[in-house]
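Working notes for the structure below.
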Amino acid sequence: MPAAVDTAKTISKKRKRKHGGSAREATDNGVATSPAENGVEGKATETTTELTKDKDVELAKKVVKEEAQKKRKVSHSPSDEEESESEDEEKKEEDEKDNVKEDSGKANVPDLPSVDAVSLPQPDGGPKKFTELGLSEKTLQGIKEMGFETMTEIQQRTIPPLLAGRDVLGAAKTGSGKTLAFLIPAIEMLSALRFKPRNGTGVIVVSPTRELALQIFGVARELLTAHSQTYGIVIGGANRRAEAEKLTKGVNLLIATPGRLLDHLQNTPGFVFKNLKTLVIDEADRILEVGFEDEMRQIIKILPNEDRQTMLFSATQTTKVEDLARISLRPGPLYINVDHRKEHSTVEGLEQGYVICEADKRFLLLFSFLKRNLKKKIIVFFSSCNCVKYHAELLNYIDLPVLDLHGKQKQQKRTNTFFEFCNAKQGVLICTDVAARGLDIPAVDWIIQFDPPDDTRDYIHRVGRTARGANGRGRSLMFLQPSEVGFLKYLKEARVPVVEFDFPAKKIVNVQSQLEKLISQNYYLNKSAKDGYRSYLQAYASHSLRSVFDVHKLDLVKVAKSFGFSTPPRIDIQLGSSLSRDKKQQQQGRRSYGSQPKGLKFKRKHEDD
């Protein structure tokens, strides 16, 4: 029997020398030590040394063997593996890499484990801060550098289930923090699966407008500062060949507009998307409103749907959004609406008002308001591109500097204007609804709706450019003609609180005579004014709320005066044209909001957006 004990001790010592040395020795032997492993080892030693003389040699060997097997089964966390991965394992991994062809061909791209195979952090209770979510240190570092600590309501309710791999249909008002709500889980997934460029694209974010896509790209870039994953953007108007080259090299996180994304999916052979794990559709209602329904259906059909997590965010829930959710989300998605119990549809820090003004006094009132608020940061919304062009040219000509943003501009011009206004502390941006969705422009003081929004949803998105964030403050002003006050009823039904603002007539700067003289003498401004006048009437005639915004009730003489004409100019226009409203919206949407896929061209005599 003593021989049995000696044998057991000898085995234990050998095992201890083999596995219980320093961390360096363990690493050299290809084993990553951890507190869990040391506990198992200590238990094995104690169990072995405490064997009584009544135990035989075979039992001692059996105990030692069982404990050794337990040790081999101890799982390693990703962080432990990174810190103490053995040289043999690294060599093996390099051999595997050499066997993988880097030509981005779909058949040769290595498969990745499913999202369900990765244990993503699942928070307990109701976390309020990002540090309570169990996120990776690299992601937390990016969030901290961005200056965020406490989550908004949409982030509190969506991030935990998204981290757990659930499909989510989220509804939240603009400015609520949706971008971080979907980017954080997406980046955590890429990090957990250790995506490499050779694995292709793991996350695709679809955005309705180029500017919103650029904004999401900027947020993703800050979040990924400490991560090794690659990221990129494909949007209409940009260099397609350069985009294709980047996609071929491997873009793990891709932000895109629908038309250009579909173009690359169909026509870029090196675009690897077989490993797609997450699809994010942001501002889904707007994507569908501007005519990309067919493209979205094709995109969803092309993309792999096995084990794919889908996040669909929409400020409003329409029938089309529900149809898109039905074909894109897996059965049993989680529906999260953070606004349905709230008293108002707009954010609390927003003071909203309207002013009733005759058509011929509209420009005079706008000019006076801008002159009195030169130190403020203001966005002015118009109904068409031509209206924006005319007013930008006019205001800049008369030494009231403004920036302009609309769908007829080249992409580089739009991008430069957007970032210039974002970085400005004061100034005026006049634009179409291309800037109404999702754009996070810092510290906007006033939103002016010079031309009426198409409906209450557009109104909400326009005013959402100010009072953003947890404690954001801002004000909005809507111009209404006496015949348009019926729109207030629709705002009340939509739970939008507005009050009437009073602007004394004596404070309005009367420059009407100088304006008419300038327009009559300056050929280029005269032509621009005619285009703006025509587009204003066409946009008015196509309004969805025709019972309120009836073009036949307009006083054309007064409208013409607001554009600088003493008498209405002769223009070629067809009110109530043969184009249906939906088709017209689709055409305007493609030009103003995103990229237009190949083979889709629209012929029209007058482009009025």
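Placement of Cβ uses the backbone N, Cα and C atoms for every residue, glycine included.
In Swiss-Prot, the annotation motif 'Bipartite nuclear localization signal' applies to 361-377, one of the ranges 174-190, 361-377, 480-496. Beyond the motif 'DEAD box' (282-285), the same-chain residues lying 6 or more positions past its ends with a Cβ under 8 Å from any Cβ of the stretch are 178-179, 182, 205-208, 212, 216, 312-318, 320-321, 324-325, 437-438, 457. Residues belonging to the domain 'Helicase C-terminal' (349-519) score a mean pLDDT of 89 in the model.
Residues in the motif 'DEAD box' (282-285) partition by DSSP class (helix H, G, I; strand E, B; coil) as 2 helix, 0 strand, 2 coil.
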